[in-house]
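Annotated features, as they stand in TrEMBL:
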- 1-96: domain 'ABC-2 type transporter transmembrane' (DOMAIN)
- 126-169: domain 'CDR ABC transporter' (DOMAIN)
- 7-29: transmembrane segment (TRANSMEM)
- 49-65: transmembrane segment (TRANSMEM)
- 77-96: transmembrane segment (TRANSMEM)
- 140-165: transmembrane segment (TRANSMEM)
């Protein structure tokens, strides 16, 4: 990742290390969740199906497609408890949500081209992420903290499943 980060036009050491931290926490969450599913189910077939369903719901309700602003109120709670929401929000705002000052050359300060007609003319990338997806640059460290807490919670559940669940037949 260290090689590709500047190649695609992303800049800044602080942004790189924050991006790496969030990406690492996201990968840890997925790995630990997979371990939990394996230890909490009686066989591989059930674990595969449950893992697929969990992955489906985490990606579907992460607030990207459909955007968080368009989710029905009946399923908004899934969006708020979804760990991938916080991972994606932090990763996107690290790169696209930073606009330190007007006229800056940061990606977030660029005017959005080919914007949908429902958006105002001349909207910048940072505002587009805030309005459409609810992703704010100020929430990066909050999202990291929530993600870290979820990773710890999943780890504790995994340890409890290892200790108290036993599917062996005697």
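Cβ atoms here come from the backbone N, Cα and C positions, even for glycine.
Through the fold, the transmembrane segment (49-65) approaches residues 33-34, 37, 41, 71, 75, 78-79, 82-85, 88-89, 133-135 of its own chain, all at least 6 residues removed from its boundaries and within a Cβ separation under 8 Å. Same-chain residues lying 6+ beyond the ends of the transmembrane segment (7-29) with a Cβ under 8 Å from its Cβ atoms: 1, 83-84, 87, 90-91, 94-95, 98, 106-107, 140, 143-144, 147-148, 150-151, 154.
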